[in-house]
Amino acid sequence: MKVLLKAPAKINLSLDVLHKRPDGYHEVEMIMTTIDLADRIELTLLSEDTIKITSQNRFVPDDQRNLAYQAAKLLKDKFQVKEGVQINIEKTIPVAAGLAGGSSDAAATLRGLNKLWKLGLTMDELAVLGAEIGSDVSFCVYGGTALATGRGEKIEHLPAPPSCWIVLAKPLIGVSTADIYRRLQLNGVSHPNTAGMIESIHQQDFAGVCKNVGNVLEDVTLNVYPEVAQIKEQMYRFGADAVLMSGSGPTVFALVQHDSRMHRLYNGLRGFCDQVFAVRMLGERHTLD
Ligand code: ATP
């Protein structure tokens, strides 16, 4: 028996860090939305009690370091599952890019194993379990668009933002999220207007969304990797309506409403950048089917 799932990437329309908590995590406010750039996860039931991971991408770990492996192990231990699984990850989402690829693979594995191993868990229960694997996994269990608070695991669903193209560009560097958070100095940073972004989404106000994009980690990453700033400049030059770094980077995305500008941006950036994608947002949340 097999289950096939799409594990979509997310972008942060806004990312704010409020303070560092006594437990070492940062208290965040993030507006995240899933986009039509996805890994494909294939789960095959195994009769023996093992978890196997394969992927065509050599940057994806094939052992317990893989977040999808950790998702399977968590369910196996919690619910004393005696069957095993072979997890194949067909990777499309750039790795260590600020797009939550690993978290989304883990979330899809939770949804898929719930079915394959007949666990009968709800989406909310899967999201709570996801938080044990990583702060972005809870959001990735649901997908769609949401405000994530706490350390990222408290999810309030939002409507889909106004429709537009998203052009993503990733330079040939990988960024460690932990390293960027370590470098973040909260004194004097300008915080994004999270409430303004939520209001703009509710109003379906594209100009408002563009005005309110913001990421408190952007300047930190820009200082370490000047190529990220260069991509931002290029995107503005090619006519982007808004430009922002996603997560801790290095992927930068542009919001663009018109098809012709999307083509100009996409073609212009391809000569300049390692990986470039033009995609739409995924409005729908995942469901248990
Ligand atoms: P985030 O936006 O949540 O910070 P990211 O997009 O920056 O995540 P990932 O692509 O999830 O980063 O990968 C970060 C690291 O996690 C990689 O260097 C890789 O070694 C490890 N990893 C674990 N599981 C996976 C997976 N399924 N896919 C990709 N990387 C994974």
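Any Cβ shown, glycine's included, is placed from N, Cα and C.
Just so you know, TrEMBL annotations are computer predictions that nobody has curated.
Quick look at what TrEMBL annotates:
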- Lys10: active site (ACT_SITE)
- Asp136: active site (ACT_SITE)
- Pro94, Val95, Ala96, Ala97, Gly98, Leu99, Ala100, Gly101, Gly102, Ser103, Ser104: ATP binding site (BINDING)
- 66-144: domain 'GHMP kinase N-terminal' (DOMAIN)
- 197-273: domain 'GHMP kinase C-terminal' (DOMAIN)
Among Lys10, Pro94, Ala100, Gly102, Ser104, Asp136, the recorded positions whose C-beta sits under 6 Å from ligand 1: Ala100, Gly102, Asp136
Least Cβ-crowded entry, counting other Cβ within 10 Å, from the binding-site residues listed as Ala96, Gly98: Ala96
Lys10 (active site) and Gly98 (ATP binding site), distance between Cα atoms, whole Å: 8
Listed binding-site residues Pro94, Ala96, Gly102, filtered to Cα within 10 Å of Lys10 (active site): none
Gly102 (ATP binding site): secondary structure state under DSSP, collapsed to three categories: helix
Rounded to the nearest Å - Cα separation of Ala96 (ATP binding site) and Asp136 (active site): 13
Lowest local Cβ density (other Cβ within 10 Å) among binding-site residues: Pro94, Gly102: Pro94
